[in-house]
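Chemist: I'd like to ask you about the structure that follows.
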Amino acid sequence: MTTSPSEKTSFNIDTVANAATTPETELPWAELGLKDNEFARINEILGRRPTAAELAMYSVMWSEHCSYKSSKVHLSQFGEKVTEEMKKHLLVGIGENAGVVDIGDGWAVTFKVESHNHPSFVEPYQGAATGIGGIVRDIISMGARPVAVMDPLRFGAIDHPDTARLVHGIVSGIGGYGNSLGLPNIGGEVVFDSVYQGNPLVNALAVGVLRHEDIRLANASGVGNRVVLFGARTGGDGIGGASVLASESFDSTKPSKRPAVQVGDPFAEKVLIECCLELFKASIVDGIQDLGAAGISCATSELASNGEGGMHVELTSVLLRDPTLTPGEILMSESQERMMAVVTPENVAAFEAVMAKWDVEYSWLGEVTDTGRLIIDWDGETIVDVDPRTVAHDGPVYNRPFHRPEWLDALQADSFLASGVAEVPADLGAAVVELMSSPNMASKSWVTDQYDRYVQGNTAQAMPDDAGVIRVDETTGLGVALSTDANGRYCYLNPREGAKLALAEAYRNVATSGARPLAVTDCLNFGSPEDPEVMWQFAESVTGLADACQELGVPVTGGNVSLYNQTGGVAIHPTPVVGVLGVFDDVARSTPSGWRVDGQAIYLLGTTRAELDGSEWANLRGHLGGQPPVVDLGREKELAEILINASRDGMVDAAHDLSEGGLAAALVESSLRFGVGARIGLDELAVRDGISIFEALFSESQARALVSVPRSEEVRFNDMCTARGFEHLRLGVVDAESGALDVQGAFTLSLDELREAHEATLPKYFG
């Protein structure tokens, strides 16, 4: 194990002293992504021009990706619209590497979703792999053991020539890294839409478990405490990734950005996880920060800024893979599998012993000071002398102009049912087969089969169930459920309501599993903030999500904003991905999405309206217009209470939410989950809700779920729904003998035919 710096190349170093005497020196601030007003502000803060190293730090830390400079004025709502009741389970909120939630019995869970969109388009395998690695290190840095990951994904049109390249690379990268770490992949989404052509969305969620006393924070306190960098060596990969890739739009005329994509090593990260957990268990580190976006620039400035003093480090002590790296490149490098920690002098020997045990390289960089300054030297000469808060926290804040798009009124007036493509299909059975074989509704087993969903042995549920479920405590069965959801079409039609709908579906998915929703993380994927119409979409979505979280009583614990998701002037649909975490007293009581027992009654909970605008069926007919389904969060809460209580008390044997694809999709998915058919009647539903059989099947009305109820529990279940005043209707029974889905008077489809159609689509395009 090497603990001393590698051979360094000699450079003409731009020192602080030199910067003070050479104000005329030209610097590449624009090439590093800074605006002219931002460069002027840096000069004002420092009272001189920045050194090359300081410029590198400010450029990455003031990037859109790191500073949230265009979004933070809106994101403040997540902290403002929080009641005391919502804070009850919150141990660590927005501002740290990940939120932490109390789940009872002294256990806590930390979870977060982030994006790695732009790198995954440039270099699909490594971009996706390091997206998993980065979010897992966020979880480690909170003091937790990672226990699962999820991956909400969006690609362009399934038949576009470039989609196969992206799908193969991204799915392989996620599976290759996550499987090597030994982390189950318990859920996510796979959506295909031409609006994501050239801008795939690769969002990654990780969850970890820890005891309350094990929580760790990112701060550097205690004058004289040592600062150490450990893990992989620093190389040239990922230099400027935060500013070059994640903070500007793509332009095909610009040179290749492959060098800005990080390269990951999951086996090095696996060792790093165990190494960190041993450090935490022995209380050897006082503060810790993972190195992700902006690398050492971020770690040093955030640790110092969050602490009580300052920091002084020697950059030549950094272990390098490439000795030709300049100081600025070392500061900006986003090489993976690295951590920075603060260690008391008394714990130095213990720290080194743990490093030796795990054969992890490390280098002592410096110490915590009382100066309030972040000072970085290169071979004894100062190249950075800044107030760390100006780098990490007090960057520019833009209240960018925004306005409602002029075209939106016409779009919202163009309802599907009033359009010329809304003809009711003559053969409803064929329509169901068409729906379930469409790219978005087809089985995603081609993807999920490449992931290990059950490694570690604590997975109680995973895709295709509504939520992923993980056991936390083997003795009591205490566990958590997670679901991620978003619908870009809904948000395009109405960003505020679309964001509410994303939360409502994720909340509902957690409840159908039987867990009680507790907290939220979000990844807000949008186009350029410099476009006032995109900024309006963003502002509306954030307001809608914040309001919905308040109404449902679930706080946002943290997340990510990904802007500039557009090629040229074409932006993606606004896509706020929402992750909801819920808790089980015992995961053994979790409810799967498919029925299993012959003769059980099948009930539909909720009201169905003629709501097909933005639906999957409308999408298949090439239509996008109108208003998304009405969201009634009060009804969502009532539905969740019914589902949670019914699951806990053994009143339901299966539960599946209704969302994309409506009742048709839910019936097929519940039947195919365990290969058990059903006999269904829709006439009473059509009469009760004043809709046609076609609308009953394909409407995407919200606050609905399908459940199967044992005959012995029907009276109790009906009484509960009636007492709560919630709409419920017996549609039919589970039929284990027929091997078919029989919707009486409409169609009968064998499960073999449905399964063949459902599972053939992705292999057809991707092999």
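Placement of Cβ uses the backbone N, Cα and C atoms for every residue, glycine included.
Residues annotated as active site in Swiss-Prot: His65. Sequence annotations record features per position, and here Swiss-Prot assigns ATP binding site to Tyr68, Lys112, Asp522, Gly559. Per Swiss-Prot, Mg(2+) 1 binding site is recorded for Glu114, Asn560. For Ser115, His116, Asn117, His118, Arg137, Gln262, Glu334, Ser335, Gln336, Ser562, the entry in Swiss-Prot reads substrate binding site, with the evidence type sequence analysis. Among the features that Swiss-Prot reports, active site, proton acceptor is placed at His116. As annotated by Swiss-Prot, Mg(2+) 2 binding site applies to Asp138, Asp290, with the evidence given as sequence analysis.
Show me how these features fit into the shown structure, please.
Modeler: The secondary structure of His65 (active site), as reduced to three states from DSSP, is helical. Counted within 10 Å of its Cβ, the other Cβ atoms near His65 (active site) come to 26, all protein chains included.
Under 8 Å, Cβ to Cβ, and six or more positions away along its own chain, Gly559 (ATP binding site) finds Lys112, Val113, Glu114, Thr521, Asp522, Cys523, Leu524.
Taking the Cβ of Glu114 (Mg(2+) 1 binding site) as centre and 10 Å as the limit, one finds 25 other Cβ atoms among all the protein chains shown.
Applying an 8 A CB threshold to same-chain residues 6+ apart, the list for Arg137 (substrate binding site) reads Glu269, Leu272, Asp290, Leu291, Gly292, Glu337, Met339.
Sequence-distant neighbours of His116 (active site, proton acceptor) (same chain, 6+ apart, CB under 8 A from its CB) are Gly127, Ala128, Thr130, Gly131, Gly134, Val202, Asn203, Ala204.
Asp138 (Mg(2+) 2 binding site) falls within a helical segment according to DSSP. Cβ environment of Asp138 (Mg(2+) 2 binding site): Asn97, Ala98, Lys112, Glu114, Ala206, Asp290, Gly292 lie under 8 Å away, each six or more residues apart in the same chain.
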Chemist: Around the C-beta of Gln336 (substrate binding site), how many further C-beta atoms are within 10 angstroms, looking at every protein chain?
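Modeler: Other Cβ atoms found within 10 Å: 29.
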Chemist: For Tyr68 (ATP binding site), list the number of other Cβ atoms lying within 10 Å of its Cβ atom.
Modeler: 18
Chemist: If we check Cα distances from Tyr68 (ATP binding site), which of the binding-site residues Ser115, Asn117, Gln336, Asn560 wins as closest?
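Modeler: Result for Tyr68 (ATP binding site): the nearest of the binding-site residues is Asn560.
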Chemist: Return the count of C-beta atoms lying within 10 angstroms of the C-beta of Asp290 (Mg(2+) 2 binding site), excluding that atom itself.
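Modeler: Excluding its own Cβ, Asp290 (Mg(2+) 2 binding site) sees 26 Cβ atoms within 10 Å.
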Chemist: Looking only at C-alpha atoms, tell me how far Ser115 (substrate binding site) is from Asn560 (Mg(2+) 1 binding site), rounded to the nearest Å.
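Modeler: That separation, Cα to Cα, works out to 7 Å.
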Chemist: Within 10 Å of Asn560 (Mg(2+) 1 binding site) (Cα to Cα), which of the binding-site residues Asn117, Glu334, Gln336 do you find?
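Modeler: The binding-site residues close to Asn560 (Mg(2+) 1 binding site) (Cα within 10 Å) - there are none.
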Chemist: Express the distance between the Cα positions of Gln336 (substrate binding site) and His65 (active site) as a whole number of Å.
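Modeler: Checking the Cα atoms of Gln336 (substrate binding site) and His65 (active site) gives a distance of 17 Å.
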Chemist: Counting across all protein chains shown, how many other Cβ atoms sit within 10 Å of the Cβ of Asp522 (ATP binding site)?
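Modeler: A count of 31.
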Chemist: Can you tell me how far the Cα of Asn117 (substrate binding site) sits from the Cα of His65 (active site), in Å?
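Modeler: Between the alpha carbons of Asn117 (substrate binding site) and His65 (active site) there are 11 Å.
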